[in-house]
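What follows is a single structure, written as structure tokens, with notes after it.
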Amino acid sequence: MGPSFIPLSHKVAKDPIGHKLGLILTMTMSLLEFTKNVSQLTILLYFASLVSAHPHHGHGGNSEAPIDAILWIHIAVQLVIWGGIFGIGMVLGITRSKWHVPVQSFAYLMTAAGYILGHSHKGRSFAESAHGRVANFILFPLSAQLALGIYLKLHIHEQTIRPWAVVAHGIIGKSWLVIGWTQMLLGVVVLRGYCGKEELGQCLAHYIMGSAFIGYGVLLAVVLLAGGGRIWYGKRWRDGGKGEKVVSPRSQEWWDGWEQGIINTFTEHHGPLNKWSHKDMQHTTLGVIWWAGGALAVFLARNGKRTVVPALIIIVTGWAMSSHSQAMEISTKVHGIFGVVLMSAGAARIIEITFVLKDAASISDDESTRPSRNAKPVEIQAFQHLPPFLLVAGGILFMSATDEELKAVEGIEMDHVTYILLMLSIGFVIYLYANLLLHIYATSGRNSTGKKQSESTAGYTPLLFMSILRWLLALLRQPQHSRRRQRILEGPWVWKETTFTK
């Protein structure tokens, strides 16, 4: 083993008021200069990437040219980073793991490389699109997250600004999954040339509702694996992070009822009110039944009780989708399988609530059949993974059932069985990724069963830059000829002699 480093910690000496004001002014100017340098670097990188862009990001585009290797590398890099690494780094940040900073730093570097590659390729060019505009927008939360991360590493303003910076850092960090999912979808749309003006409404309906089903399935998995079947509230915003989490008195179905009755109800009919087709009427009546069923679910699920009404709504929705009239045969078959998967998800949810959990929030040691806030959950049963996975698979199938996508499938002479199997494979991968993140959450950082990290170092990896910066700040706090100042001048770190090995 080699020697380890321990940063010096120093208390502010009792200096005259004028000297203190001078030190405060010096520190403030140093921090402002550092912030200015970071901002300048970010702006320079941004404009450099814009300068390197060529006309394929203008109003025109050449969709007939082949895709070159650089663009394929851009797609692969961004898929791995936004579809994998950023999510892992987010979870490591939640658990205060020491690997959070290295993982997110790697993700930042690869994102910058992917951004430059996206503006450097030859071959196929694309018209101005939402994918490009969102890519430029992402630069702002990325820069804000980077600046907040550096600020938090300084450990200053502990009682004033820092608590708010922690909240902002967490909110931005937890948004990467949604931002990454949205940007990847927009990338597929641009690459394939989908969602023109005439098809935009159908694209929005399929992609938004399909993503909602996937998100619903993932949230059920989170409640199942991370919450033991219960929804937990955190009290960190009240007491600076020292409070314990408490279980929600509401059951999962109470929340489901509000989501189905409010959000789903008003996302169905978007066409002109004076022109109604059979599809318009079917979609609108789905909104009506979601409102009625959601209201019933909220009422029956009061006082923490379980109910099967949200699952019944999913079954009815699946039946309606499987009977949806379609113009193409392959579209009819894909919608039919989507309906079957959705009905299976609802049926599995009813079986889980009624027979597996027996109306309890989770399986408890005493085999309780009543909702219990204190029952200790045991190992999750295999059947309980079925409802969330089927919801994820159903969401993928619905997103892949637009007319443009299915016309492209027919154009390459692929049958519906092959296409559905490919989509279900994507569903398996997404659910695998969700379970991987939940496993990392349960086994990393402060949730690890191994050696517990100390409060002072948990979640932080020592970086040379931050060590030198803390050393400079400690040096500025000391009087000109003090003994402590001479000791600090020996170096930013001292050796811990007990760690030497012979």
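If you go along the chain as it appears here, the first residue is 1 and each next one adds 1.
Backbone N, Cα and C define each Cβ position, glycine as well.
Now, the feature entries from TrEMBL:
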DOMAIN    62-155  domain 'DUF2427'
TRANSMEM  69-92  transmembrane segment
TRANSMEM  99-117  transmembrane segment
TRANSMEM  137-154  transmembrane segment
TRANSMEM  175-194  transmembrane segment
DOMAIN    180-441  domain 'Protein YTP1-like C-terminal'
TRANSMEM  206-228  transmembrane segment
TRANSMEM  284-301  transmembrane segment
TRANSMEM  307-324  transmembrane segment
TRANSMEM  336-357  transmembrane segment
TRANSMEM  382-399  transmembrane segment
TRANSMEM  419-438  transmembrane segment
TRANSMEM  458-476  transmembrane segment
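Between the transmembrane segment (175-194) and the transmembrane segment (69-92) there are 3 or more Cβ pairs closer than 8 Å, counting only residues 6 or more apart in sequence, so the two stretches are in contact. Touching of the transmembrane segment (137-154) and the transmembrane segment (99-117) is concluded from the presence of at least three CB pairs under 8 A, sequence neighbours closer than 6 excluded. Beyond the transmembrane segment (419-438), the same-chain residues lying 6 or more positions past its ends with a Cβ under 8 Å from any Cβ of the stretch are 83-84, 87-88, 91, 214, 217-218, 221-222, 225-226, 330, 333-334, 337, 388-389, 392-393, 395-397, 400, 409.
Helix first, then strand, then coil: DSSP counts for the domain 'DUF2427' (62-155) stand at 70 helix, 2 strand, 22 coil. Residues 206-207, 209-218, 220-221, 224, 314, 318, 321, 334, 337-338, 341-342, 344-345, 348-349, 351-352, 356, 420, 423-424, 426-428, 430-431, 434 of the same chain lie 6+ residues outside the transmembrane segment (382-399) yet bring a C-beta within less than 8 angstroms of a C-beta in it. Mean per-residue pLDDT, taken over the domain 'DUF2427' (62-155), amounts to 87.
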